[in-house]
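Pulled from TrEMBL:
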type	residues	note
DOMAIN	8-190	domain 'Thiamine phosphate synthase/TenI'
BINDING	39, 40, 41, 42, 43, 71, 110, 140	4-amino-2-methyl-5-(diphosphooxymethyl)pyrimidine binding site
BINDING	72, 91	Mg(2+) binding site
Ligand SMILES: Cc1ncc(COP(=O)(O)OP(=O)(O)O)c(N)n1
Ligand SMILES: Cc1ncsc1CCOP(=O)(O)O
Ligand SMILES: [Mg+2]
């Protein structure tokens, strides 16, 4: 049996008003358990604000060996020294993101509920593909809903990792892990957790340890 371990991929809140306070929260959260990556997803922020946020957060992620992935913008990700970029279907192609960011960067691509889009992303050199939304979410208005079976089929047939996103909480996480997700991308389930972000990271890790892929 292949050893398959699903890990946590944090997505920042869409808006960060107090960068200093968020930096403290993040430091505490990353100290509470294993996190593979943090995506800086500041919708509608200026380039200067994104630069400021990367400069403040990158020492925190580096200290914990957490990859800092910028949403939407390969150019800004390269310019600010992020470890990678996540692009949606309307943002940039994986191939152009790779050209801009170079061979060592991590490139992720939104594939909604489509294995076809995911195969195209894989062929274009993506490091991971993201499927979703799997559950209702108030973080983003979504038009695509995905069935967990897409994770199982991907896991059984492809090498590159798959990320599950959309409405993932402590309650919905087990279904994603059992279906074969390599990473759980979570925003509100972390930052709006009743006991705080650090407790959420700790509890997600407990669920990740206790739950296994059911597809082999
Ligand atoms: C890990 C991950 N998966 C999907 C998305 C969504 O990307 P996109 O469709 O471009 O939408 P926005 O996040 O840009 O609003 C994501 N960001 N991260
Ligand atoms: C960015 C994104 N893409 C699809 S659903 C989603 C929102 C994820 O946030 P949450 O974990 O709060 O549902
Ligand atoms: Mg996008």
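Glycine is no exception: its Cβ is also placed from the backbone N, Cα and C atoms.
Note that the structure is predicted; figures quoted are calculated from it, not measured.
The structure, with features from TrEMBL marked on it.
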residue : record                                                         : CB count, 10 Å
39      : 4-amino-2-methyl-5-(diphosphooxymethyl)pyrimidine binding site : 24
40      : 4-amino-2-methyl-5-(diphosphooxymethyl)pyrimidine binding site : 27
41      : 4-amino-2-methyl-5-(diphosphooxymethyl)pyrimidine binding site : 22
42      : 4-amino-2-methyl-5-(diphosphooxymethyl)pyrimidine binding site : 18
43      : 4-amino-2-methyl-5-(diphosphooxymethyl)pyrimidine binding site : 11
71      : 4-amino-2-methyl-5-(diphosphooxymethyl)pyrimidine binding site : 23
72      : Mg(2+) binding site                                            : 20
91      : Mg(2+) binding site                                            : 16
110     : 4-amino-2-methyl-5-(diphosphooxymethyl)pyrimidine binding site : 22
140     : 4-amino-2-methyl-5-(diphosphooxymethyl)pyrimidine binding site : 15
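Largest Cα to Cα distance within the recorded 4-amino-2-methyl-5-(diphosphooxymethyl)pyrimidine binders 39, 40, 41, 42, 43, 71, 110, 140: about 17 Å as a whole number. When secondary structure is read from DSSP and collapsed to three states, residue 39 (4-amino-2-methyl-5-(diphosphooxymethyl)pyrimidine binding site) falls in the strand class. DSSP classifies residue 91 (Mg(2+) binding site) as coil under the three-state reduction. 72, 91 are the binding-site residues among 40, 43, 72, 91 whose C-beta comes within less than 6 Å of an atom of ligand 3, given in sequence order. Here the C-alpha separation of residue 110 (4-amino-2-methyl-5-(diphosphooxymethyl)pyrimidine binding site) and residue 72 (Mg(2+) binding site) works out to 10 Å. Residue 40 (4-amino-2-methyl-5-(diphosphooxymethyl)pyrimidine binding site) sits 10 Å from residue 72 (Mg(2+) binding site), taking the CA atoms of both as reference points.
With a cut-off of 6 Å between Cβ and the nearest atom of ligand 2, the binding-site residues 42, 43, 91, 110 reduce to an empty set. Residue 91 (Mg(2+) binding site) and residue 140 (4-amino-2-methyl-5-(diphosphooxymethyl)pyrimidine binding site) are 16 Å apart (CA-CA, integer value).
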